[in-house]
Amino acid sequence: MEFSVKSGSPEKQRSACIVVGVFEPRRLSGVAEQLDQVSEGYLSGLLRRGDLEGKAGQMLLLHHVPNILSERVLLVGCGKERELDERQYKQIIEKTIHTLNETGSMEAVCFLSELHVKGRDTYWKVRQAVEAAQAGLYTFNQLKTRKEEPRRPLRKLVFNVPTRRELPLGERAIQHALAVSKGVTICRDVANMPPNICTPRYLAEQAQSMADQYDNLSFSEVDEAQMAELGMNAYLAVGQGSEHESVLSLLHYQGAAKDVPPVVLVGKGLTFDSGGISIKPSANMDEMKYDMGGAASVLGAMQALAELQLPINVIGAIAGCENMPDGKAYRPGDVLTTMSGQTVEVLNTDAEGRLVLCDVLTYVERFEPEAVVDIATLTGACIVALGHHASGLMSSHNPLAHELLNASEQSGDRAWRLPLWDEYQDALDSPFADMQNLGGRDAGTITAACFLSRFTKKYHWAHLDIAGTAWRSGAKKGATGRPVPMLTQFLLNRADNGQSN
Ligand code: BES
Ligand code: MN
Ligand code: ZN
């Protein structure tokens, strides 16, 4: 779909449809008021007769409104004016686009971007509207033999902004939103792909083909033989029971001078996590195809970054691996020597993410990074703590934690910080090795992060546990594309030196 911004008055639009808000109870928004005057009270008459209460998400489609140049007017209920918040705004936009697609309109001019949302400016409203529109149109039907293409006549959506002065802001919002949406889409596509197709090799191919599309993006990989040479024994152990070889894929994005230290994003890429010898129960085990959600989000963020051509250096590391039970599989009781030299006693082969990541976190030291952020569906405990609304954020570096929290706040892609105090480290003490890969029942999300922290002493580091946010279960099962919006915002802010737009 195509998006643009303009600044004009509603009665002058000659469009297939114009979209304006109505508040509860039966109150016209300023823009609707203008239309009402031109149409000699047509809209207020409808409200008086009780055709639209104005409850959030209510829709009323009108044809042939007197004296109006547009073919249709879509009245959209926005709830109580003072209660319009971010969440409601996004829901209203999504519903509006759905409704527009049910009409025959090929294009529409939307005035909802002029609604007042507390603390948010035009940039934010346009950007969120475009992202919500794109996300709402997503389908994954590559693997269906009969593809049901829903009828979607809407081709072009124009957002109106209050003043001409805000047009450049609106245009930038669209550009940023389209880049984020592209990243979100590839993240969802790759994550939704089933584990018999989406293997570590498949992840590498996706990264490779992305690098082929952009001049300043290049691809390299570390295969099992190289991992063995490097001593990445924890990573290798996890993949030992799988027929699919482990592959660490690297995407190098160069937007600044060669000697500018990069930001490194590390994604957990377990293309299937059966638990290994400590096998998981069968219920919902299919969802462990999403255990590569971190890797998918790194792909997504790299895609958005390359679209935006930001003037920074970024390396995306995609830790592809499959965790399976087998005669060759690693087992509880094994002691592994990690690339860092530290030894780990395996108490549970289902705590595999940290074993893969710890070696990659050591590997990326060679890039002398400015900051490293790892993204992982690491612990079920994170869902217990935060549910499905926020990703867990842990960091040993306060400024980096705040940067990420800011990015999360700006993008609407929520994260919540959990502590990483030293007291939690004791849970990893092992009688036989430097540490064990299990921290016990308490604070599982934090002790997993504590484990990782032992491999990140050489740079500023933050960890995002996306176990609860990377995908949805149930009737609407599917990858969400999170936390691509947050990561992209983080990179945008870095490029802009702290400004969001
Ligand atoms: N990939 C899982 C975490 C997970 C589970 C994410 C369910 C989302 C939904 C991870 O590898 C895992 O199995 N973690 C274990 C750790 C435990 C053995 C210490 C868990 O959370 O149960
Ligand atoms: Mn596991
Ligand atoms: Zn896992």
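Each Cβ is built from the backbone N, Cα and C atoms, and glycine gets one as well.
Record features (TrEMBL):
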- Lys280: active site (ACT_SITE)
- Arg354: active site (ACT_SITE)
- Lys268, Asp273, Asp291, Glu352: Mn(2+) 2 binding site (BINDING)
- Asp273, Asp350, Glu352: Mn(2+) 1 binding site (BINDING)
- 348-355: domain 'Cytosol aminopeptidase' (DOMAIN)
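On the structure: features taken from TrEMBL.
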residue : record                : DSSP (3 states)
Lys268  : Mn(2+) 2 binding site : strand
Asp273  : Mn(2+) 2 binding site : strand
Lys280  : active site           : coil
Asp291  : Mn(2+) 2 binding site : helix
Asp350  : Mn(2+) 1 binding site : coil
Inset, instruction - Which residue among the binding-site residues Asp273, Asp350, Glu352 has the fewest other Cβ atoms within 10 Å of its Cβ, if you could check? - result: Asp350
Legend entry - Pairwise Cα distance for Asp273 (Mn(2+) 2 binding site)/Lys280 (active site) [Å, integer]: 9
Legend entry - recorded positions near Asp350 (Mn(2+) 1 binding site), in sequence order, restricted to Lys268, Lys280, Asp291 and a 10 Å Cα cut-off: Lys280
Legend entry - Close in space, distant in sequence - Lys280 (active site), Cβ under 8 Å, 6 or more apart: Asp273, Ser274, Met288, Asp350
Inset, instruction - Scan Lys268, Asp291, Asp350, Glu352, Arg354 for recorded positions whose C-beta lands under 6 Å from an atom of ligand 2 and note them, or write none. - result: Asp350, Glu352
Legend entry - Contacting binding-site residues for ligand 1, chosen from Lys268, Asp273, Asp350 when the Cβ sits under 6 angstroms of any of its atoms: Asp273, Asp350
Inset, instruction - Among the recorded positions Asp273, Lys280, Asp291, Asp350, name every one whose Cβ is found under 6 angstroms from ligand 3, counting any of its atoms. - result: Asp273, Asp291
Legend entry - Cα-Cα distance linking Arg354 (active site) and Lys268 (Mn(2+) 2 binding site), given in Å to the nearest integer: 9
Inset, instruction - With an 8 Å cut-off on Cβ-Cβ distance and a minimum sequence separation of at least 6, pull the same-chain contacts of Arg354 (active site), or say none. - result: Leu378, Asn437, Ala448, Phe451, Leu452
